[in-house]
Amino acid sequence: MKVLSEERTRILFEKLTKYIGVNVKLLIDRPDGTYCFREKKDRVYYISERLLQLAQTVKPDHLISAGTCFGKFTKTNKFRLHITALNYIAPYASYKIWVKPSAEQQFLYGHHVIKSGLGRITENTPKHQGVVIYTMSDIPIGFGVAARNTMECRHADPLATIAFHQADIGEYIRSEETLT
Amino acid sequence: MGRKAKFDETKKVKKGPGRKARKQQDPIFKKELLENDETKKLSHRQKQRAARRAKKKAELTEKRKALKQAKKNVAKQNEVVLKEASDDESGDENIQGFTDDNKEWLKPKQKIKNNVKEMSDQDSDSGHDEGSGSDNDEDLPKTGSSPEKYKVGTLDDLFQDSDMENGDVTSEDEGADSSLKMSYNSDSDEEEGKSDEDDDDGDDDMLPIEKANIKLKKKQKLEKKLADDEMQLNISKQDVFAFPTEEELQNPTSLQDVHQRIKDVVTVLSDFNRLKQEGRSRCEYTDLLLKDLCMYYSYNEFLMEVLMQIFPVQELVEFLEASEVARPVTIRTNSLKTRRRDLAQALINRGVNLDPVGKWSKVGLVVYSSTVPIGATPEYLAGHYILQGASSFLPVMALAPQENERILDMCAAPGGKASHIAAIMKNTGALFANDANKERTKAIVGNFHRLGVVNAVICNYDGRQFPDVIKGFDRVLLDAPCTGTGVIAKDPSVKTTKDQKDIQRCFNLQRQLLLAAIDCCNAKSSTGGYIVYSTCSILPEENEWVINYALKRRNVKLVPTGLDFGTEGFMKYRHHRFHPSLKLTRRFYPHTHNMDGFFVAKLKKFSNVIPEPVKDDDDEEAETTEVSGDQPNGNVESDVDSQQSEKKSVGVKRPATSTETEPQKKKNKAPTQKSTPTSSTVPTAVSSNNQIKKKKRKNKKNKPNANDGNKVPQTEQVQIGSINEKSDIKSPNINIQDKNNKQKNINDTGNKNSTETTLKSHTPLNDKLSNNSTALVVNKNVSLNPNQKNKNKKNKNKSSNGSSKSVAVVNKNELKITEKVEVNASRKLKKKLKKKNKQIGQISGKQGISRPEGKQNGINKKNKKIKSK
């Protein structure tokens, strides 16, 4: 568990901002104690200071995980957000896409969201904006990047991709091994 | 739109009558026809019985006719003889026949008939209360024989032909009936139905139809009785279970036969005295059952034996049956993300058929059927629920975590229970989820993230090392790895793969884990200090025994689990006698609670002090005796003896396992501390353990001196300590010579301790030994009357250590005894000796069994030798 370097912190926050915009600061300034980002084996954990202190009693070799894993830095020093971050991203997300029940399953298997499966979309979603995908019953099921802005979506043909798949909760089953 | 006409052949043909179509009513049959149908419904048995009955009736009527004739002929001839012979019976007659109102019409001539009749009356009377069938049988031969005696050969033949019991009754009764027809005497018959005295007048007034009614009733009763008899005969014949021969056993025909045999043996065992085959012992039956069960349910013999020891046979079969069937799938609502009602609604919309798991849980749901894979719905992936056996809720409910606590789950994978804890804590506080298997910790990570648990630290330690990592948890959950005998339905490989070694390995690990878990817990926590131990095994070795072990070694006590169902834990199992508080633990069985076999125990830690570890069972045994030996003003060594003997006599309840010492120790802790002010810093359960540090030893050595030798038990500790110092530790089974040396040491050290204050000089070995033999006696001679000498000798034989101890104390006493002390001592001695005398018998019997130490025996022998000198 080490403190993120200056650069990595910047990369991380840039990434997070893509999804939750200015709400990023809400992750840092919390009413229920201070939270911080820590890095372990290129993976970034979001953890409260109090728990961090306890976790530091555990030797690094034996520590598997603490708090919530947000994602990992790739070898090329890019940050990749994991589905495990959804717990924190979903509540703060500024742009959302809802998919129809028929398209839920498709998305959960790792496919992009196509126009025919699009239920609703936040107004004014710009192109290439990070979005959180919801079911029609408001359960967050993943996140991705908008392939088109809202206006374009209206006129897209049924098979056109609306949002690119990045992570979905199906990964809990599909790739449990690589979650952290 | 309009109506769509369907002209193709797929057009549906209307089913059933139209709205306006006339419907034919159900046919109405005549009553007679219906009744006939009913009568036809006789079962095969009934038909057989009816046929037999008819046959019997025919026989009887013939017999009756013959009898009537014979009576007519013979009665007149033998009248005189009969009068003489039936004196005793006429006595009855006098009472019954002549005191009645019917005196008037009772004529001497009819005496025989009356006699016969009344016998039959009695019979039919006893027939009325059907419970007393045996009386009936006893009476019958008499009645049968009494006429037999006096009647002609032809009659005899008749009676012999008929099977004595039923035939007689009926023939007599029929005879009575016939006499009813013939004469007015029928009154006496009718009286049976009613009371004897009152209705006599009324009988005369009875309408013929009433008489007929009574007659009919009687006939029905008779028939019923016959049927009953027959039935009982059938039952008794059917129920005899023939023990299979060797050949049958070696060539099992089919599983169904085996199953049938299992059933039969179980019924036999349930009422063994009645149903057993002559010459077969219970053992044979149980062995047969064992083999059959092993074959039928494909267990290995070891596990089946163990299970047979846990359950009575009837329950065992139920358990085995239940273990074949998978338990219903249950899911636990993740209260961090949703509520049960919402979840249930969402799942029902997906085509899942479910119900709440029971009143005891607010988060559990039972899934009966589902059209979608229940482990892959979007709700599941979103972490709204987790698949978890109902029994897995229990340990967490018992743990009852509070918010803002620090909690440890020692064997957490795959994180079901741990996430339950986090959910109850509402993501506050800190949760440590540990598992020894690194691969399995990934499952914890996955589940925690899916379920949204953010207050958790997941680590990968061997649980036994965890106290070195971090301590001070408010609550600890230990769901220990086990043999899995409670979840055979889940993993049938348990049936065949487990043997004694596996169990042993398991419970050793469990003990260590439990001790570690207790060590991790903080007794001073304001809200907690609880440890919950659970396994999915039903073997007492892995459950009660482990708890009992921990009770002894740590400052913990059992508290109620807070689960209002489940069966109580065992307090005794085979030769083990556990601490009585073990009934606070809970067991769950697949056949009674419809959840996996499970065990839950909740412990409360009341002190963070770790008592000195006890080395092994033998030491423990010694320790009990010691600890029990200290009384505030412990007297002379005989105190210890008597205490030992008392302990041993107590041992009737709790024989020689490592496990029984706990309660005494606990109770006795306080007195030890009080009586030895110097030892107040020493952990309470100090005892004959080989790992005591030298400092402590010194402390203890000083104790006797400080107390002027009143602390007898402490001397024993010292002795053992000294043995250690001289690195004389040996296995319990040392020969006598070794013993001699040892005892010398013991005596020496003992004396040293005493001489620190008393300045008593050393005596050579021989003196010592003689001292050993006589010390007690001598000492007591000083203070006691000679009567007690003998008793003391007896005691010596029992008490090996006592004799050596005695030396030390005696020395002190010799110097320090004032008259007062003497008197006190003598009084107490007398009391003790009285007790002892009573218990000697038991003790001598016990020693061999309950005390495996060769030490004692060796020393005993020595003492005997010396005495003989």
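Just so it is clear, glycine is given a Cβ too, placed from its N, Cα and C backbone atoms.
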S-adenosyl-L-methionine binding, same site as B:Cys411, B:Ala412, B:Ala413, B:Pro414, B:Gly415, B:Gly416, B:Lys417, B:Asp435, B:Asp479 - TrEMBL member from B:Asp462, B:Asp491, B:Asp499: B:Asp462
Nonlocal neighbours by CB distance (under 8 Å) for B:Ala413 (S-adenosyl-L-methionine binding site), same chain, sequence gap 6 or more: B:Asp435, B:Asn437, B:Arg440, B:Thr441, B:Ala443, B:Ile444
Alpha-carbon distance [B:Cys536 (active site, nucleophile); B:Gly415 (S-adenosyl-L-methionine binding site)] in Å: 15
B:Cys536 (active site, nucleophile) and B:Asp462 (S-adenosyl-L-methionine binding site), distance between Cα atoms, whole Å: 20
S-adenosyl-L-methionine site span - longest C-alpha distance across B:Cys411, B:Ala412, B:Ala413, B:Pro414, B:Gly415, B:Gly416, B:Lys417, B:Asp435, B:Asp462, B:Asp479, in Å: 19
Mean of the pLDDT scores, which run from 0 to 100, over the coiled coil (B:209-239): 81
Pairwise Cα distance for B:Cys411 (S-adenosyl-L-methionine binding site)/B:Cys536 (active site, nucleophile) [Å, integer]: 13
DSSP-derived class (H/G/I helix, E/B strand, else coil) of B:Lys417 (S-adenosyl-L-methionine binding site): helix
Spatial separation of B:Cys536 (active site, nucleophile) from B:Lys417 (S-adenosyl-L-methionine binding site) - C-alpha basis, Å: 13
